[in-house]
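The structure under discussion appears below in the form of structure tokens.
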Amino acid sequence: MPLPTDPSPSLSAYAHPERLVTGDWLYFHLGKPGLAIVESDENVLLYDVGHIPGAVKVDWHTDLNDPKVRDYITGEQFADLMNRKGIARDDTVVIYGDKSNWWAAYALWVFTLFGHPDVRLLNGGRDLWLAERRDTSLAVPNKTSTSYPVVNRNDAPIRAFKDDVLAILGTQPLIDVRSLDEYTGKCTEMPDSPEESVLRAGHIPTARSIPWEMTVDKSGRFRSSEELERLYDFITPNDKTIVYCRIGERSSHTWFVLTHLLGKPGVRNYDGSWTEWGNTVRVPITAGESPGAVPV
């Protein structure tokens, strides 16, 4: 049975406040039946130096991605993962992580591909929990389940592929959430990830640059609904927006903002993102600060 929605006034103005929890709410519900806490970080070593009591670790790279094909795990693999982590289908899952929930949002997006009914983010993530001097633990929960059902992944509503992006150029909003240096073509990789360099730099023509970090404040919490609405005021109710970054992790964060905080319908995450686009033969690319025009 899902746990109650966080009643905090700080969340009430969002379109779907039931998709967020505050540190106060999570602290109050620690150890309660029906709650599963997941930590998912870019730095996969952080969990081992202290985590929220009762949290299990989900490694975005080894747990959520297929080990052979560049794709996500299957329904059978997801059910096995949930059972190994002791998560039931009717659990309320709260996910948090480092970097203002980059990878936590990515994990939540993958959980959504499998239709997990109640999955939420901890507003502010790991860093805010620590900044507020809340409890941490080194203990790894020893719990398993055998009841999580096999659910086929449903990509279509929230996932976009390269051909989907090509089909909407110039007709639907396309948002690049990477840094401005990546967008303009000044660099071909993130500064701390030289191994992920691509062959071509720049951005997809017509894409607007709205870096993901514009959606959070200094504490890592999401900005107010009013601030977010101003940031995305060009999106209309009938638009079918696609967001992208480098491999889909930062754009999962923006997908969460648009879908759950602002209630924009039909938003999809192009997880192939620049790693695919910047290495693909004969796809259009533009550089500079202008979105660029639809290729003729």
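Note that Cβ sites are derived from N, Cα and C of the backbone, with glycine treated the same way.
Look at Swiss-Prot and you will find Cys245 tagged as active site, cysteine persulfide intermediate. Spatially close to Cys245 (active site, cysteine persulfide intermediate) yet at least six residues away along the chain are Asp176, Val177, Arg178, Trp212, Ser251, Ser273, Trp274, judged by Cβ distances under 8 angstroms. According to DSSP, Cys245 (active site, cysteine persulfide intermediate) is assigned to coil rather than to any helix or strand.
For Arg250 (substrate binding site), the count of additional Cβ atoms within 10 Å of its Cβ stands at 28 [all protein chains shown]. Residues or ranges marked as substrate binding site in Swiss-Prot (evidence: similarity to another entry): Arg250.
What Swiss-Prot records for 31-138 is domain 'Rhodanese 1', and it gives sequence analysis as the kind of evidence.
What Swiss-Prot records for 168-286 is domain 'Rhodanese 2', and it gives sequence analysis as the kind of evidence.
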